[in-house]
Amino acid sequence: MPSMRVTTDTWPRRAAQEPLLLLLLRSSLMKSASLQALNPNRAMAAMGRSVRVVLDSSVLLDPSGVTAEEEEVVVALRPGAEALLRRLRYSNLRVAICHPEGLTTNESGFLEKTAKLYSFGYMPLTSPSGSNLLNELMLEWSETNFCFYVTSGVHEGLLSELQNHNWEVIAMGNEDVIKNSGVIHISMLQELLITLATSIKKEIGNSSAFVVGYVMKQSREEDFAKRGAFPIYPSKNDLIFVPLSFELPLASQLQEVDLVLHKITDEIINIDPNSSISFPKGISFSPGMSEIIRFVEEHCDFCVIDPFKNIYPLLDRIQIQEILIRLEGLSAEGRPKLRAPCFLKIESFCGSELQKQLAEAKLSFPLIVKPQVACGVADAHNMALIFKIEEFSNLSVPLPAILQEYIDHGSKIFKFYAIGDKIFHAIKNSMPNASHLKSSSGGKPLTFNSLKTLPVATKEQLLQNEVQDSKLLDINLVEEAAKLLKELLGLTIFGFDVVVQESSGDHVIVDLNYLPSFKEVPDNVAMPAFWDAIKQSYESRKQMTQT
């Protein structure tokens, strides 16, 4: 968010405004007392009710914005505030930003725009209109009896009023500033989310509620969060999600959560190309992920979804092929053949025996060339489609690599997702048949990144395929494969891609991955399945460690 400049430093005036805030709050809180008496058991009442979080401007605005030369104040969010607000936006908590009377127009305007940007409530506590607004809000909130007030330092009288009416107060900063024993203290803004999560679990008092700490790259987290995957307010099956922060001591965070959901491949720094691919050998993880791995190794009863050793095979396309070959036993008379694509591992593109090796592997052109490392490094998805052996020269695909048959599949790919015990699938447009690709290649290898620049069939090519008598997908066969894969892999959530070969009707599994986005599955179906899968996996693993 862009910063704003104002000409007057208003921070010294904040303390003088606290008595006004206290005055405005008192009348509303007194009116709510009788309603609270009707519902004294807050722990039992918490589930199914809203959780409110009021963020005082003091925890959001950066107090160090004065420039000595210009004597101006830069109105901006303090470090860590933007990430906090982004996560709170999709937390299912009801959040409001408040500020006392006395801020400049630029400061209050900045806060109002911030609240609007993140879809939060905005509460300018000014008199007289602010009093009426606050009265109305407090009367409404009194029915929830589950509110947090977050500040970096307030009037002691205000704290007492809030606590007398069952508000939780979280104060950031030096504990010596606030002597009130009932205040929850945090030293950094990054501690707020895990503090909220553990406080909510404590207030619920429900033994079936679990705190899930999660680790993944920011873009993936945001994609999941926007779909409602990571609520801090408990999900329908009592899961509370909170991101693990590498800016804070991890050991203390891991002691506060019940389990960790991770995308370990997001935290790979490097894979040594000179080491034999026998993961985790040769993998360098981020310092934070390395610490989590050590913690899990030292605490064998700690639950991670999924165990690291179960995921390592999916980093290697050779191991993926070997896993898929084990599914071929599902094929039977009267059913399509289920198989992995024919493949060959190569260490060099210049070998004199390459033509012979291709024949022995039953491979013919065109071929897809893929790096053996399947994910976690920048070039893992750099691939090529080649149409003759001469095109191997000067190929830029990383080695070692696998050569895989290209399957004409009518430009349709079936994406399957196993989420716990539930299996979903979606149909997507895919690469056109080889004849179309060859005509557009210009006699050169067709290079692409499978995540970014995958060549997809044109509308005309899709229409041609629709007219053709395409083979139908055997859903039952693929679902059986999904169940067997779940047993073989020991994974809670995974995905795989199936294409149906036009010439034979063979069902060929061409890709396998851990914790996919499953964005093709509607959120109202996917998210409950996602939460159930996590909880069932956790309870199953805990039961195993206790026996």
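Every residue, even glycine, has its Cβ placed from backbone N, Cα and C.
Here is what Swiss-Prot records for this protein:
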- K263, H381, K415, N513, S517: 1D-myo-inositol 1,3,4-trisphosphate binding site (BINDING)
- R317, K370, 404-415, S430, S450: ATP binding site (BINDING)
- 327-539: domain 'ATP-grasp' (DOMAIN)
- D497, D511: Mg(2+) 1 binding site (BINDING)
- D511, N513: Mg(2+) 2 binding site (BINDING)
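Swiss-Prot feature annotations superimposed on the structure.
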residue : record                                           : CB count, 10 Å
K263    : 1D-myo-inositol 1,3,4-trisphosphate binding site : 20
R317    : ATP binding site                                 : 24
H381    : 1D-myo-inositol 1,3,4-trisphosphate binding site : 18
Q404    : ATP binding site                                 : 22
D408    : ATP binding site                                 : 19
K412    : ATP binding site                                 : 19
F414    : ATP binding site                                 : 20
K415    : 1D-myo-inositol 1,3,4-trisphosphate binding site : 20
D497    : Mg(2+) 1 binding site                            : 17
D511    : Mg(2+) 1 binding site                            : 20
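Listed binding-site residues: S430, N513; maximum Cβ neighbour count within 10 Å falls on S430. With respect to their backbone Cα atoms, D408 (ATP binding site) and D497 (Mg(2+) 1 binding site) stand 14 Å from each other. Remark: of the binding-site residues Y406, G410, S517, the most isolated position is S517 (fewest other Cβ atoms within 10 Å of its Cβ). Annotation note: F414 (ATP binding site) sits in a strand segment as assigned by DSSP. Inclusion criterion for the binding-site residues R317, Q404, Y406, G410, K412, S430: a C-alpha placed within 10 angstroms of the C-alpha of D511 (Mg(2+) 1 binding site); this criterion is met by R317.
When secondary structure is read from DSSP and collapsed to three states, N513 (1D-myo-inositol 1,3,4-trisphosphate binding site) falls in the strand class. When the binding-site residues Y406, K412, F414, S430, D497 are screened for a C-alpha within 10 angstroms of the C-alpha of N513 (1D-myo-inositol 1,3,4-trisphosphate binding site), the residues that qualify, in sequence order, are D497. Checked against H381 (1D-myo-inositol 1,3,4-trisphosphate binding site) by C-alpha proximity, the binding-site residues R317, Q404, Y406, K412 yield R317 as the nearest. Using F414 (ATP binding site) as the reference Cα, a 10 A cut-off selects D497 from the binding-site residues K263, D497, S517. For the recorded site, R317 (ATP binding site), the DSSP three-state label reads helix.
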